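Colleague: First, the structure itself, so that you have it in front of you.
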Amino acid sequence: MTVLARSIAQLRSAVASLEGSVGLVPTMGALHDGHGQLISKAAAENTSVVVSIFVNPLQFTDLGDCADFRDYPRDLRADLDRVERLGVDVVFAPSEEEMYPGGVPQVWVRAGEMGERLEGAARPGHFDGVTTVVAKLFQLIQPDRAYFGEKDAQQLAIIQRMVADLNFPLAIRPVPIIRGKDGLAESSRNQHLTPEAREQALVLPHTLAALRERAAAGRPLELESARAQLRGAPGVELDHLEIVDAATLLPVDEVGAGALAVAAIHVGGTRLIDNARLLPPLS
Ligand code: AMP
């Protein structure tokens, strides 16, 4: 039985009764197979699993006063069915009032320069909202491990850095990107795509896969022509395509072990992000 906690008091009492190690999976709901993979990994590595479902206004434009926040897919009933099937112990689904009783908080955790590049350049303040809410969740739940998708590579790098810089006593566990059969990375925002827009969006994973193939073959990346391919694709607007170091998010000139191709596009009014490791990590 999954316990649903709507308040912080309910969460604290549910967490207090958990035994053994605790894995946390923070989400914004509208759960899909990508979230499912994080939950399965958390269940495999911990005695208990807590999933949070909270569409955090702080990480949206104008602190949530925007269409992206208002239109963000929400379906708690379907989410609860899914987590129940996955054997999740506790779901924390608070209201905004519960998380931020005084409105916008006074004290934030700032993501710093790592949060100002790439996604952060397009969405100013986004990562400060992410670090602030994730720090609150870590405080409230005190998990042994927390699970983040490589789909949001910049978020993962910033959270890893936050845990190191602020000495949070937990391990961050990355989870590889889960894709649909057509290759598009699973995302709650995919619900906004018409079949035609979804088809058009496939140029994103295709372009990243081509970069990966060129890197694996030791050929020049031809980044400019990859950008031109995205810019010229029907229905697509390119935000960025960069090669960065996965841990620092700084641009890299050479394709080494940590090199990551990261990209964001707009298709049919929806912003989509994706990324690909250019070489398999050294083991
Ligand atoms: P979200 O609900 O979109 O905030 O995502 C919650 C967590 O699920 C984040 O750590 C995401 O990186 C992760 N996630 C979302 N989509 C995917 C995916 N397609 N594959 C792997 N992880 C994902």
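Backbone N, Cα and C define each Cβ position, glycine as well.
Below are the features I grabbed from TrEMBL:
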type	residues	note
BINDING	28-35, 149-152, Ile178, 186-189	ATP binding site
ACT_SITE	His35	active site, proton donor
BINDING	Gln59	beta-alanine binding site
BINDING	Gln59, Gln155	(R)-pantoate binding site
Colleague: Look at each of the binding-site residues, Gln59, Gln155, Ser188, and point out the one with the fewest other Cβ atoms around it within 10 Å.
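Modeller: Among the binding-site residues Gln59, Gln155, Ser188, the sparsest Cβ neighbourhood within 10 Å belongs to Ser188.
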Colleague: Are there residues of the same chain, six or more positions away from Met28 (ATP binding site), whose CB falls under 8 angstroms from its CB, and which are they?
Modeller: Ile53, Phe54, Val55, Asn56, Tyr72, Ser188
Colleague: Counting only residues 6+ away in sequence within the same chain, which have a CB under 8 Å from the CB of Ile178 (ATP binding site)?
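Modeller: Sequence-distant Cβ neighbours: His32, Asp33, Gly34, Gly36, Gln37, Gly149, Lys151, Ala185, Glu186.
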Colleague: Should we count any of the binding-site residues Leu31, Gly34, Gln59, Ser188 as near ligand 1, judged by a CB under 6 A from one of its atoms, and which?
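Modeller: By the Cβ criterion, which requires under 6 Å to ligand 1, the hits are Gly34, Ser188.
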Colleague: Just the number: how many Å between the Cα atoms of Glu150 (ATP binding site) and Gln59 (beta-alanine binding site)?
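Modeller: On Cα coordinates alone, these residues lie 18 Å apart.
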Colleague: Say you check the Cα of the residue listed as 'beta-alanine binding site' against those of the recorded positions Leu31, His35, Gln155; which is nearest?
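Modeller: Looking at Cα distances from the residue listed as 'beta-alanine binding site', the smallest one goes to Gln155.
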